[in-house]
Amino acid sequence: MSAFRTLDDAGSLKGKRVLMRVDLNVPMESGRVTDATRIERVAPTIREVAEQGAKVILLAHFGRPKGKREPKDSLEPVVPALGAALGRDVAFAADCVGDAAAQAVAALKDGDVLLLENTRYHAGEEKNDAAFADALAANGDVYVNEAFSAAHRAHASTEGLAHRLPAYAGREMQAELDALTKGLESPQRPVIALVGGAKVSSKIDLLENLVAKVDMLVIGGGMANTFLHAQGKAVGKSLCEKDLAETATRILAAAEKAGCRIILPVDAVAASEFKARAPHETVPVDAVPDASMILDAGPRSVAEINAAIDGAKTLVWNGPLGAFELAPFDAATVATAKHAAARTKDGQLVSVAGGGDTVAALNHAGVGQDFTYVSTAGGAFLEWLEGKALPGVEALRAKG
């Protein structure tokens, strides 16, 4: 049994008004959706519920209008892309509460889909205001949360509603929760975590939580430089948070105490300037020239990481190993991603990855579809990895 209430627990939805929180915060240009990935991910759940004969009422935010009606943050331009993904007409209401919403909901027939205007047009959304949550709940009989990416926020449409109506996880939310549970809550061991990206400062909580939970932790990207510096190695002109040397030392000590093996780069690809195809050399990490900066992990480091992955049953990945957006400094990220993908396809590894740069890096390597699960959630994925309770998820926990 799942630890969370899902659509499988909801019974018949025929004739019910189903308020479904979705993530439609998609990139737009000149009033058109330029990347419909988020829409395509929630479309199957919307279709499933509509085909059961429910009246599907979609709630979403867009941008950061901060409680004011900003025309540039209207959800109306999303309607054509939503209709195209669903293969059906989608109605639109000019507000998410009040008469405009109530009238649009009253006009729905079984199987219809309605998108309500941006919840963040109301200050009560981000304050999780009780009266605003009541006003949203007035238009529904059942609540479905299909927006894991917003689950770390205790807002009226992500958390408040779940206490006012029978509440269930949608299919995409369910898949995300199942994947994260497999990744960290009850994983097959040994577990290896790969954490990259530029700064230690943004991932202190993450690193401290992971050393207590995983068997091996690979630290890569710019943040590895701070750890190398803490170990007394000169990193030249590399990005390095020297003021966090003490924090890095503390994390290394915590890992040793917890029996977590830390894997840092042993060699690096260094260049004197940060640009595509800049002249570069591969050097040991204790021989980085003063005028150079580390822009990627070297081949010996990649071999060590891949050997560690071979000895693991579960991989959790957040952040690239180098400046992957500039060739040839994408080599370590691409080689490691391809190796992890091959192990996953062979049934040897459960691989869970997430965070904006990570998704882009895996897609750049051409293996995004080969991982067990790739989360598009960003902040919510990070907070889960940090061991924090997510309000939108906690509200869906099965009682008993």
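Using the three backbone atoms N, Cα and C, a Cβ is placed for every residue, glycine included.
According to Swiss-Prot, the substrate binding site annotation covers Asp23, Leu24, Asn25, Arg38, His61, Phe62, Gly63, Arg64, Arg120, Arg153, on the basis of sequence analysis. Listed in sequence order, the residues of the same chain lying 6 or more apart from Gly63 (substrate binding site) and placing their CB within less than 8 Å of its CB are Asn25, Glu70, Lys72, Asp73, Asn118, Arg120. In the three-state DSSP scheme, Gly63 (substrate binding site) is classed as coil.
For Glu325 (ATP binding site), the same-chain residues lying six or more positions away in sequence with a CB closer than 8 A to its CB are Ala360, His364. Per Swiss-Prot, ATP binding site is recorded for Lys203, Glu325, Gly355, Gly356, Asp357, Thr358, and the stated evidence type is sequence analysis.
Neighbour counts of Cβ atoms within 10 Å were taken for the binding-site residues Asp23, Asp357; the minimum is at Asp357. Of all Cβ atoms in the shown protein chains, 24 besides its own fall within 10 Å of the Cβ of Arg120 (substrate binding site).
Between the farthest pair of Cα atoms in the substrate binding residues (Asp23, Leu24, Asn25, Arg38, His61, Phe62, Gly63, Arg64, Arg120, Arg153), the distance is 18 Å. Geometry remark: Lys203 (ATP binding site) versus Asp23 (substrate binding site), CA distance 25 Å. Least packed by the Cβ count within 10 Å, out of the binding-site residues Gly355, Gly356, is Gly356.
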